[in-house]
Amino acid sequence: MLEGIKERLSFKNPINADIIKIAWPVLLELILSSVFGMIDMMMLGNIADPSYAATAVASVGITNQPLFLGLAVVQALNVGGTAIIARYFGAGKKDRMENITKHVLIISMVLALPIAAFGFINAPAILLFMGAEPGLLDIGVDYFRIICISYLFQSFNFGVTGSLRGIGETKVPMNINIRVNFLNVLGNAILIYGLFGAPELRIVGAAISTMLANFVASIFMVRYLMSGKSELRFSFKNKFRFSKHTLKNLIRIGLPSALEQLVIRVGVILFVQVVSGLGTVVFAAHQIGMSILSLTFVIGQAFGISASALVGRALGAKDANRAEKYAHNSSMMGSASGFLVGVILFIFSDFFVGLFSQDPTIIENASAALKIAAVIQPFQANQLIVAGSLRGAGDTRFPLVSSIVGILVIRVVLANIFIGVFGWGLTGAWIAVVIDQFVRWILIRFRFRSGKWKNIHFA
């Protein structure tokens with residue numbers, strides 16, 4: 001048994017070599033993006049005025065939730081684009097991939113424009129709905145409006161990245177995102193604190209820096225697509241051919257994923273509303289904990305993206321057995337990595353939180369929450385990877401079901417009970433998160449073992 005596990009985890013295994021080739025750039029990209037995100041929070045958390053700093057951190061946390069809801073729409077579309085492009089790539093039908101990419105980019109912009117406009121116009125009402133206190137509302141509205149503009153560029157970038165991942169090209173998005181994240185951190189330092197003669201814009205400076213970084217990333221993405229260096233051939237000179245068949249498949253695969261993301265974001269918003277009722281300082285601790293926890297998700301996300309592309313490619317080549325091996329080996333590597341991350345998170349939780357804040361109440365609450373989250377890490381990684389495998393096969397309905405059960409039913413209901421009835425505070429909220437993750441892991445594993453995902457045809 002141990003020999004079998006060693007063989008499945010060995011980098012000499014050609015299946016594993018394919019997985020690592022796609023996963024490592026995504027993993028590095030996501031880790032650095034999370035680290036840069038944490039640096040953003042540290043910069044805001046270390047503004048000289050402690051009261052403003054705590055409010056700024058909480059403001060980013062609250063405004064991120066409706067932003068993520070908007071991004072979920074285009075991310076869902078990208079799930080369909082990635083799956084279809086991976087199938088065509090595996091089947092050797094590379095000439096069809098450009099038109100799929102153009103469908104994804106055009107539809108992304110058609111969806112993103114009204115969402116951005118709605119958020120910009122209704123920023124105060126949205127933040128009030130999220131439970132923003134008066135002080136938070138004062139500084140959060142301008143930040144959110146600038147982020148709504150940035151959302152347009154981010155949506156375009158997601159479309160390009162999703163298409164490239166479908167053919168296994170993950171190094172270029174990694175390189176672009178690393179460069180623009182460095183630019184974002186530099187811009188934050190200058191505009192938040194007013195360095196080098198720039199105005200001290202504080203939280204508004206962070207928003208402007210993010211917007212400019214996403215705009216620059218869009219320019220880099222277009223330049224690469226037009227360079228001819230990718231196997232995904234792309235030119236604006238080639239006429240866009242609208243296809244009902246392509247649109248139907250994007251909707252067929254993407255709609256359940258869109259609904260899943262909607263469920264996740266609505267669930268998180270409801271969850272945030274419960275936690276924000278614990279007060280600004282405790283919510284700031286929650287937000288810091290979530291920022292650190294976001295780093296742990298990258299393992300499951302990276303291997304899940306790799307599994308999605310490779311499972312889709314293998315099914316396109318009519319090799320269901322190889323597709324299953326990609327899924328199994330990806331989940332094994334992800335779970336092993338998740339276990340190690342859980343141990344590190346449990347032992348060093350105080351140290352990690354201390355990087356964000358020196359407030360004793362924040363450190364105590366956030367550290368306790370991270371210790372709870374450490375327990376679920378192997379299951380969290382496994383669930384994300386297996387769900388990615390299902391999406392690569394075009395099976396997006398069951399991940400939707402698991403998210404409805406796990407987030408809307410388990411997480412939100414239990415958080416209300418643990419906080420409102422038992423009075424467990426932030427600890428109760430994070431226990432609800434752990435139970436949600438475990439239930440989703442059970443449901444996703446059950447679906448994968450049924451084998452029904454092997455018989456989905458769309459490309």
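Cβ coordinates come from backbone N, Cα and C, glycine included.
All TrEMBL annotations are machine predictions without curation.
Feature list (source: TrEMBL):
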TRANSMEM  21-47  transmembrane segment
TRANSMEM  67-89  transmembrane segment
TRANSMEM  110-131  transmembrane segment
TRANSMEM  143-164  transmembrane segment
TRANSMEM  176-196  transmembrane segment
TRANSMEM  202-226  transmembrane segment
TRANSMEM  262-286  transmembrane segment
TRANSMEM  292-315  transmembrane segment
TRANSMEM  336-356  transmembrane segment
Task: Any chance you could find the range in 67-89, 143-164, 262-286 with the most Cβ pairs under 8 Å to the transmembrane segment (202-226)?
output: 143-164
Among 21-47, 67-89, 176-196, 336-356, stretch most in contact with the transmembrane segment (143-164) (C-beta, under 8 angstroms): 67-89
- line: Best-packed against the transmembrane segment (21-47), counting Cβ pairs under 8 Å over 67-89, 176-196, 292-315, 336-356, is stretch 292-315
Statement: Within the same chain, the residues 6 or more beyond the ends of the transmembrane segment (292-315) and with Cβ under 8 Å of it are 18-20, 22-24, 26-27, 30-31, 34-35, 37-38, 82-83, 85-87, 89-90, 165-168, 170, 322-323, 326-327, 330-331, 333-334, 337-338, 341-342, 345, 352-353, 356, 366, 370, 373, 377, 380-389, 391-394, 454
